[in-house]
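Annotated features in TrEMBL:
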type	residues	note
SIGNAL	1-15	signal peptide
DOMAIN	15-100	domain 'Ribophorin II N-terminal'
DOMAIN	120-227	domain 'Ribophorin II second'
DOMAIN	235-358	domain 'Ribophorin II third'
DOMAIN	392-492	domain 'Ribophorin II C-terminal'
TRANSMEM	403-427	transmembrane segment
TRANSMEM	439-461	transmembrane segment
TRANSMEM	473-492	transmembrane segment
Amino acid sequence: MALLSITFFVTIVFDECINTSDDGTFYFDEKLVGGHEHQGSISTTSSVVRGVFAFAAVTSGKINLPGDKILGLAKFFLGIGIPGDAKDLFNQIESLALLESNRQVVFQEQHIVVKISIPLILSLPASVYSLSNKDQLKVRVNTVLGSAAPPLTVKLVRAFSTVAKDSAVIQNKDLKYDQNSGHHVLDVLPDKVDVGIYVFVFEMVLHDADGEKVYATGGQIHVPIYVTGIVKVSNAEIAVLDNDLGSIETQKTLDLAGNDIVSLSANHLQKFRFSFQLTTPRGHAFMPHQAFLKLKHETKYEHIFVVGNAGKKFEIVLDFLGLVEKFYYLSGRYDIELTVGDAVMENSFLRPLGHLELDLPEAPTSKAPRLPPLAVDPYTRYGPKAEITHLFRTPEKRPPTQLSLIFLSLTLLPLIGFLVGLLRLGVNLRNFPSSAAPATYAILFHLGIAAVLVLYVLFWLKLDLFTTLKTTALLGVFLLFVGHRILSHLATASAKLKSA
């Protein structure tokens, strides 16, 4: 009874809790585990796979997982690439290794089977094939970890265009197996396959019927394929027509594959016509995603028009009389540029066709359209900026060297006079304090005076004014303190001497 309950639980998990995406992958969504630990879809799916395989290894529950879900789980782990987290990378590799190993246990007494098949992965080296280069369609089949697949045949069930899903261009075609490369190859694409976007439906058929008990092929596999080619551009004509009679006043033929440039002139009473044809490598008319004609005025104002198609021919006619307001009554030179592009067109292009000298009437004084501000190119902010030139003040003219030396000598004269004066006065040290504390203050006071004199010399040689002022302030506080102490001592000694 317990085994049946566990088996029923596992079946419910895979049938009800599993999620699927458009590309056929299956996974289990993230959830809260235990109310505090947050797990992503990789960890959650890996935990489910690990639990199911552990159940298959140690119990005898009846589990027969569908092959499409096994393949879906394998595609999920293969499609996430290399996870950025080390734990997710471990979970990915462990889950792929579990899917790589076949699990099939039969208990004859209870008639219970535990079966989990090895998924086979069908992949294409490329999803874009060129008709112009005659590329071959190649398919490879491996296990999830890249091991060789058993003998099988890859069948192309059908292929259809995304714009005509009901009409198949290929049906029931077996691909040839190339033993050297290990690919299943379709040599030549049929003539019905032209440039465009297609969906190819593949199916894997095992040669050994018993292999279906070991491997899961997953049924039909839909793969989007881009078939590209060089589109031929021909019959390009550009003309200026008379508005009243519709007669051609000027007509020129262009080679859009070359470097032809035309020069035209027209006024507001005339029309402009441009036409060309696009042909696929199979000779069919081609309808690109983009076909634009741009007229750019010399003042940088642009006007873009969609080139429409009528059958095999693309044509646009501009009636300048009805476009004078759209052109803001701006006469002058207009550069002509054609843009043709498509995802399956190998030779998409944007090329100048020439220029048109357009003569438009003057804007009316009333209800004249205002010129809109020109769009600012956002990439200009990353371009080179204007060079900034700094104007420095011209240094002042210095005096001659001899005059500076004379000034230095004059500044030293007071010091020399001070020393001579000390000698004349007969300086002696009889009043120098003999006690330890007053003598210390006297020595520190004289050292402070000497430090101030040294600071003056350093200021003259290398120090700047701000450094000198800050140092002088510190020395001044120091001299004030020790000077007050020594002067107090001298005053006290003098008072005692007079009282005696």
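Backbone N, Cα and C define each Cβ position, glycine as well.
Unlike curated records, TrEMBL annotations are generated automatically.
Small disclaimer: the values here were computed from a predicted structure and weren't measured.
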Residues of the domain 'Ribophorin II second' (120-227) by DSSP state, where helix covers H, G and I: 5 helix, 63 strand, 40 coil
Three-state composition of the domain 'Ribophorin II C-terminal' (392-492), taking helix and strand from DSSP: 79 helix, 0 strand, 22 coil
Number of helical, extended and coil residues in the domain 'Ribophorin II third' (235-358), per DSSP: 3 helix, 76 strand, 45 coil
